[in-house]
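Remarks on the structure that follows.
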């Protein structure tokens, strides 16, 4: 969130002067290239699901929700780069009303990306839980109508919360709320995993009779979750350090890696579609047909 970063900019500069860690600066071209690839890859995921009737199931709709979150994160960086280019060329007045409004909109996309990813992964975890332990009732519990309602509620909440967080981004409670959502999501999914493990021990025979695809979906979720944590945790930690120890040289040393942490977030959007393709033969076939312009709908 740019507003949060800017509010601590002077303090961080002072802290860096007391630190031996130089600030790591990455070329904007790297961010721009990764972001473009992320948008294109996730756009292919969305088109594959909506053009292929065989993929129009609740699980794939939840994956589309995660793909939209990833795409918003990539789009955020693209628009930010365009804004910087226009400002450097003199087309925008620095700190002007238009740039401030544009910054707010772009920052909303970033927050929306994180919130969307958190809730999409959570609902995918719940879906996998139902698939494994309520397999016979799955289609009566997870209907398309309920899926649409759940996703509508999630994105309505994320949009409202994202806009609110950007408006009040200078306030510490907003930062705490922003960063607390990350561990809360992990706790929720961890509770599901623990419960799944305990039930699996008492229902070993029942679990062994489940279709392999059900268990494969749970493994896919684990991979997606691991990648999400790896890519987003450094940035969340950065925001926490910037809030609670901005002048500390050790905190400043970690914060010197801000652009590296930002690049990891962009990489998340690029990695996820490869996970879908690697773990799902249906999506992999759909991707191949789309890339080679085959007619399959």
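Yeah, the Cβs are placed from backbone N, Cα and C, and that goes for glycine too.
As recorded in Swiss-Prot, the features of this protein are as follows:
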DISULFID  21-253  disulfide bond
DISULFID  245-251  disulfide bond
CARBOHYD  12  N-linked glycosylation site
CARBOHYD  17  N-linked glycosylation site
LIPID     293  S-palmitoyl cysteine
TOPO_DOM  1-23  topological domain 'Extracellular'
TOPO_DOM  50-58  topological domain 'Cytoplasmic'
TOPO_DOM  80-104  topological domain 'Extracellular'
TOPO_DOM  127-147  topological domain 'Cytoplasmic'
TOPO_DOM  169-180  topological domain 'Extracellular'
TOPO_DOM  200-217  topological domain 'Cytoplasmic'
TOPO_DOM  245-256  topological domain 'Extracellular'
TOPO_DOM  279-297  topological domain 'Cytoplasmic'
TRANSMEM  24-49  transmembrane segment
TRANSMEM  59-79  transmembrane segment
TRANSMEM  105-126  transmembrane segment
TRANSMEM  148-168  transmembrane segment
TRANSMEM  181-199  transmembrane segment
TRANSMEM  218-244  transmembrane segment
TRANSMEM  257-278  transmembrane segment
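The recorded stretches the transmembrane segment (181-199) and the transmembrane segment (105-126) share 3+ CB pairs below 8 A when only pairs 6 or more apart in sequence are counted, and are therefore in contact.
Ranked by number of Cβ pairs under 8 Å to the transmembrane segment (257-278), the listed stretches 24-49, 59-79, 105-126, 148-168, 218-244 are led by 24-49. The disulfide-bonded residues listed here are 21, 245, 251; among them, 251 has the most other Cβ atoms within 10 Å of its own Cβ. Residue 21 (disulfide bond) and residue 245 (disulfide bond) are 16 Å apart (CA-CA, integer value).
Residue 253 (disulfide bond) counts 17 other C-beta atoms within 10 Å of its own C-beta, drawing on all protein chains shown. Following the DSSP three-state reduction, the secondary structure of residue 253 (disulfide bond) is helix. Averaged across the topological domain 'Cytoplasmic' (279-297), the predicted model reaches a pLDDT of 73.
Secondary structure at residue 245 (disulfide bond), taken from DSSP and collapsed to helix, strand or coil, is coil.
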